[in-house]
Amino acid sequence: MTNLIKNVKDAFNSVLSYAPTHIVQAPGRVNLIGEHTDYNDGFVLPCAINYQTVVAAAKRDDNIVRVVSVDYGNETDEFDITQEITFQENKMWSNYIRGVVKCLIDRGYEFKGADISVSGNVPQGAGLSSSAALEVVIGQTFKELYNLNISQAEIALNGQQAENEFVGCNCGIMDQMISAEGNENHAMLLDCRSLETTAVSMPEDMSVVIINSNKKRGLVDSEYNTRREQCEEAARIFGVKALRDVTIEEFNAKAHELDEMVAKRARHVITENDRTEEAAKVLASGDMKRMAVLMAESHASMRDDFEITVSEVDTLVDIVKNVIGAEGGVRMTGGGFGGCIVALVPPMLVDEVKAAVEELYEAKTGLKESIYVCQATNGAGLVL
């Protein structure tokens with residue numbers, strides 16, 4: 001993060017010609033287990049990772065917000081918070097910031113303008129929530145600058161609202177919530193219905209290894225929508241609000257009444273919720289052997305019942321599994337059809353995992369992976 005801090009300070013100084021008063025950060029995240037459970041009112045178990053979006057900022061006496069984007073060649077955006085805040089077709093990055101500020105105002109928070117420079121190292125397009133980190137860091141920045149009486153949960157909800165309503169991209173609450181509320185060396189069990197969060201301690205030195213398959217993700221939106229519709233259909237047949245409300249016993253008793261495809265989709269969600277709740281308990285107790293089993297079962301369920309993995313991702317999981325055995329867990333993470341795997345790896349096996357993947361993955365698939373070795377880190381807050 002040191003480089004990011006230097007970059008945002010330097011950009012602030014050079015473009016705005018004075019020094020910032022505050023440095024604020026918000027992290028990206030990875031979901032350890034609980035996939036496609038969020039829109040079924042279920043449970044997820046993400047952790048914040050030490051790839052962040054960082055802001056240098058200072059208050060202004062007027063109502064102007066000026067933003068410098070370091071990652072877009074110090075491109076700037078400027079808007080007046082007392083005027084209508086509009087969507088910028090030709091400057092997509094700025095809409096996340098405009099949306100967050102607009103939603104804060106709509107929620108009744110009062111503040112004046114700000115000068116902001118922003119940069120991040122959360123890999124974009126890898127499903128590690130670079131957009132949520134940006135939304136949360138902007139909310140956090142206004143909280144810090146103006147001592148706003150806003151909870152971390154509301155900063156998260158405000159960011160989600162900005163993405164859904166202003167940017168126009170549907171997302172659940174997980175990404176913003178873990179970015180806003182994460183704890184070092186902890187994952188977070190999130191109940192996607194009540195939004196209740198529980199910090200779950202992780203083995204102190206466990207590495208969180210994220211490997212991007214770099215498989216281009218085709219069909220994601222249409223397949224995602226189909227899965228969602230199938231889950232909603234299953235919930236209707238069971239007469240419940242969401243699949244969260246169906247036990248595996250109830251499912252087994254009625255599975256024969258469901259269309260075979262719908263039954264497979266429902267079985268994944270119902271068993272994944274059970275796995276996620278159990279994973280929170282076994283992770284906290286340090287039982288990595290059981291965690292390894294739960295993550296393996298999650299991956300198999302995504303592959304066979306939810307059918308969202310691809311051969312390249314399955315290959316990556318197999319390569320890592322062969323190295324770590326029962327010492328850690330590995331599974332696909334994210335929406336599917338490409339993307340990343342996540343592995344909980346004891347530190348002494350990290351180099352071995354990297355070596356095996358570098359030796360075997362490209363040879364088997366023709367694709368070159370990207371590897372990120374992370375730790376579970378704190379959520380958004382003031383750095384300086």
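Backbone N, Cα and C atoms are what each Cβ position is placed from, and that goes for glycine too.
Taken verbatim from Swiss-Prot:
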| type | residues | note |
| --- | --- | --- |
| SITE | R29 | site 'Transition state stabilizer' |
| BINDING | E35, H36, T37, D38, Y224 | substrate binding site |
| BINDING | S69, G125, A126, G127, L128, S129, S130, S131 | ATP binding site |
| BINDING | S131, E163 | Mg(2+) binding site |
| ACT_SITE | D175 | active site, proton acceptor |
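Rounded to a whole value, the Cα-Cα separation of S129 (ATP binding site) and R29 (site 'Transition state stabilizer') is 6 Å.
Annotation: D175 carries the greatest number of neighbouring Cβ atoms among the recorded positions E35, D38, E163, D175 [cut-off 10 Å, Cβ to Cβ].
A Cβ within 8 Å of the Cβ centre of E35, H36, T37, D38, Y224, the residues given for substrate, is found for these other residues of the same chain: G34, Y39, N40, G42, G172, R227, V269, E272, G335. Nearest neighbour of D38 (substrate binding site) by Cα distance, taken over the recorded positions S69, S130, D175: D175.
A gap of 11 Å separates the Cα atoms of A126 (ATP binding site) and R29 (site 'Transition state stabilizer'). Checking the recorded positions (E35, H36, E163, D175, Y224) against S131 (ATP binding site) with a 10 Å Cα-Cα cut-off leaves E163, D175. Of the binding-site residues S129, S130, S131, S129 has the largest number of other Cβ atoms within 10 Å of its own Cβ.
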